[in-house]
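Colleague: Below, the features straight out of TrEMBL:
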BINDING   E84, N85, T86, R114, Q128, E132, R259, Y263, Y264  L-histidine binding site
DOMAIN    25-335  domain 'Aminoacyl-transfer RNA synthetases class-II family profile'
Amino acid sequence: MNSKINAVKGMNDILPPESARWEWLEDKVRELMARHAYRMVRTPIVEPTALFVRGTGETTDIVEKEMYSFEDRLNGEQLTLRPENTPGVVRAAIEHNLTYDGGKRLYYMGQMFRHERPQRGRYRQFYQLGAEVLGFPGPEVDAELMVLAHQLLADLGLANVRVELNSLGVPAERRAHREALVAYFERHAALLDADAQRRLHTNPLRILDTKNPAMQEMVQAAPQLLDYLGEASLKHLHTVQKLLDACGVPWTVNARLVRGLDYYSHTVFEFITDELGAQGTLCGGGRYDGLFEILGGKPTPAVGWGMGIERVLELLVLQLGEFGAPAPDAYAIVPAAEALPLAMPALQALRAEGVKVQMHAGSGEGMGSMKSQFKKADGSGARYALVFGPDELAIGMVTVKALRDGTGAQVQRPLGGCADWADTLKA
Ligand code: ATP
Ligand code: MG
């Protein structure tokens with residue numbers, strides 16, 4: 001026997017019945033986005049490596065150690081499997097001059113790749129759903145995006161997700177804060193771990209993000225960016241907060257919520273649950289007014305978020321229980337293969353009317369006994385069996401037998417006019 005080949009570590013197959021939850025979520029997302037007038041974008045999974053080095057940031061975990069990068073064997077191009085979708089969306093917007101006639105509201109869903117240590121809620125291939133609003137500078141779109149994420153979680157039926165919010169101000173305000181922060185960390189150099197020491201001069205803001213328990217107290221007392229914000233930045237933040245209040249989205253300020261890159265400005269936020277252990281951040285986002293320029297575009301304000309679909313679905317199962325695809329309405333029992341040329345078109349006619357029909361499939365030897373077919377029909381969860389027996393077929397009829405209402409009632413229906421009785425099979 002040949003040796004068996006398994007999936008790459010940290011990359012999951014999504015199979016029934018779980019896959020039904022994915023379809024359900026994707027349908028909810030499409031419907032929600034349409035109601036908010038956001039439109040779908042799909043960008044390539046492979047992009048030039050430089051897009052992420054510049055667009056995600058050289059000093060981020062993603063670029064420092066998580067990217068799947070490779071050289072194109074045929075032409076030597078440096079390529080990377082996308083670890084996130086924002087740089088791809090902005091690249092596409094620049095390349096196709098998407099904002100030439102005004103701002104755009106966009107969303108995406110798809111695979112991202114990060115070489116992390118696989119664990120609960122952390123995979124090497126995972127799916128993100130994201131929304132990006134390009135071309136609008138005002139706090140109202142920051143608020144709209146947060147309301148959108150909140151609404152999605154509500155539509156899915158999730159509870160106990162909190163919203164943390166912060167402002168990163170503008171680059172000049174961050175520079176002043178950064179100086180104070182570096183000076184503070186230098187005074188506490190003895191407490192810095194190796195990671196923090198390395199970041200002290202490349203990306204000190206990220207030290208605030210540390211998960212090292214030994215550093216928590218020191219980091220808690222570090223200078224806060226909020227204290228360095230000027231009037232305009234504070235006004236932006238307060239407007240977002242006021243609009244969230246008006247829409248009934250509760251929030252708290254987390255002064256340590258940061259993104260250590262210069263192209264971020266103003267609003268940053270996360271949606272967090274305490275029910276998924278360490279991987280509790282469902283959604284992270286913020287305003288990235290500087291990114292278009294970094295990627296060679298015209299200055300264009302922009303804001304967006306990304307949400308981890310695996311984490312959202314895991315929380316959904318925790319809170320609401322497992323569910324799969326609904327059972328078919330009817331199961332077609334075909335006693336003899338000779339009946340198939342009559343049965344199959346009838347099933348197509350029923351399906352065309354919206355009835356969910358599963359057809360019995362034979363063993364290769366034959367279709368199987370009536371008893372075994374009825375057992376399969378029962379197991380399928382269908383409410384009706386459609387019996388294509390020789391007697392009823394001879395008079396142009398099919399027998400419809402109730403499987404689940406306890407009556408076992410049978411009626412005969414004309415094969416010729418399936419559309420006329422299709423509705424009687426629907427839930
Ligand atoms: P974390 O701190 O958990 O590593 P992050 O800051 O790297 O998150 P973002 O880049 O903001 O995450 O991505 C947005 C969302 O995508 C996260 O909030 C999370 O829900 C999800 N996510 C990120 N990395 C992974 C992963 N490796 N596996 C599954 N989901 C992930
Ligand atoms: Mg990460």
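Heads up, the Cβ atoms here are built off N, Cα and C, so glycines get one too.
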Colleague: Let me know the DSSP-derived helix, strand or coil state of E84 (L-histidine binding site), please.
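Modeller: Once the DSSP labels are grouped into three classes, E84 (L-histidine binding site) ends up as coil.
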Colleague: Taking ligand 1 as the reference, state which of the binding-site residues T86, R259, Y264 have a Cβ closer than 6 Å to one of its atoms.
Modeller: none
Colleague: Taking the Cβ of E84 (L-histidine binding site) as the centre, how many other Cβ atoms fall within a 10 Å radius?
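Modeller: Around the Cβ of E84 (L-histidine binding site), 19 other Cβ atoms lie within 10 Å.
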Colleague: Averaged across the domain 'Aminoacyl-transfer RNA synthetases class-II family profile' (25-335), what pLDDT does the model get? Just tell me the whole number, please.
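Modeller: Here the mean pLDDT over the domain 'Aminoacyl-transfer RNA synthetases class-II family profile' (25-335) amounts to 96.
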Colleague: The record names E84, N85, T86, R114, Q128, E132, R259, Y263, Y264 as the residues that bind L-histidine; what is their largest Cα to Cα distance in Å?
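Modeller: Largest pairwise Cα separation, rounded: 22 Å.
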Colleague: Please work out the number of neighbouring Cβ atoms within 10 Å of the Cβ of Q128 (L-histidine binding site), leaving out its own Cβ.
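Modeller: Counting Cβ neighbours of Q128 (L-histidine binding site) within 10 Å gives 21.
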